[in-house]
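These notes are about the structure you will find just below.
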Amino acid sequence: MAAMYRLPRLVDAPQVLHLPTSMYLMDTLNTCCHRDLGSTYYSPNQAAAALLEVRQEAVKSEGVAALEVRQEALLERLQQLRQQLDHLLSNKVAVNTQSSSTAIIGAAALSSPVKRSTVHDLVISASPEAPPFSLLLLRRLLKTAGISVYCANHLHSSVSQVSERLQHWFMDQDPDGRSSCRVAFTLHWKDARVPSLMVDPLRQTPISGEVNIVRYVSRLFPLSSPYNYEASGTFATITETDHVLDQLSRQLTEGNNRERQAALRQLNARLGKTGWLMGTSCSIVDVLAWSLMRQKAMVDAGAPANVVKWYKTVNTLADLGESW
C-alpha cells in the first residue's frame, strides 16, 4: 500500500498546460472602420494600401457625401453674393438703355407718380412770409423737361392778404389749362410755420418742410434728368445731395444770423470751384438754396461775390422778371 488513504480526483488537469505570454489583454486601440491597423494585423507592405482603402470608404460614406453637397451649395451661394456685391459697388445699373452713361436707379424714382392720363395734383400750404420760391423754379424746370405744369393759389382765412406780385407768380393766366397739364401746383396761403405738401389725404400724412417738398417734386422729373438725383445719380451723389439739402435747410431755415452767414461762406467756397453747388450744372440743391436765401433776403450787394453771381444766374433761370 503506497498511501495511507486514497481520495477521489476533484479536478481534471490537462496533460499540457499553456501559460499566457502577457499579464493581461487589452482591446486594440489603433483601429479605423472596424479594421485593425496594428503591425500585428498588417504587414509593413500592406499598411499603405489598407490606409488608402479606409480613406476611400470614408469619402464614400453617406455622412461625408452629404456634408460635401452642403459645402458646395454654400460656396455657390457665397459666389452669388459676391457677384451681387460687386455689382452694387460698381454703380453701373443703366438708367437709359439708349445712353452710354450708367447710373443707379433709386427705388423711389422707379415708381414715378406722374401719369400721362391724369393730372398729378400737389396741394402746398405755405405762409406768405416765407413763400416756397422753389416751386417757381421747379415749375419752369419741369416744363423744360417736357412735363407741363399748372399753378394756382388761394387765400386761406388765417391770412388777411397776399401781395399781388406773389399771387401773380403762383398763378397761371389760363384757368382752363389745368386739364391739359400733367402736374398741378395748388398753393394755399395760410398761417403755417413750415410749408407742407399733401398729395393723397387718404393714404399719407403731410410732407413737412420745403426741403422735403423739393425732394418729392424732384421725383417727378424724367429718370434721366439730373434733377431726379435719386434716379440719375450714383450712391455717392445721392448721399452727398441729401446731406447738403439737410444742412442748408437746417442752417438757412432754423439757424440764427451767425449760422446763416457761415452757410453763405460755405456756399461761396463751393461756388469758387464750380459754377453751381453740386457741379457744372444746376441741381436740386441750387433750387432749394436759392429759395431759402430769397425768403430771408440774404443776398445783397455786400454778399460774397461768388454767391451774388450764382444768385443772379438762378434768378434769370427762374424768369421772375427781376435780378434780386
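Cβ coordinates are placed from backbone N, Cα and C, and glycine is handled just like the others.
The feature coiled coil is assigned by TrEMBL to 64-98.
Per TrEMBL, domain 'AIMP2 thioredoxin-like' is recorded for 118-207. For the domain 'AIMP2 thioredoxin-like' (118-207), DSSP puts the residue distribution at 23 helix, 25 strand, 42 coil.
When DSSP labels each residue, the domain 'Glutathione S-transferase C-terminal' (250-316) comes out as 46 helix, 2 strand, 19 coil, counted as helix, strand and coil in that order. Under the heading domain 'Glutathione S-transferase C-terminal', TrEMBL lists 250-316.
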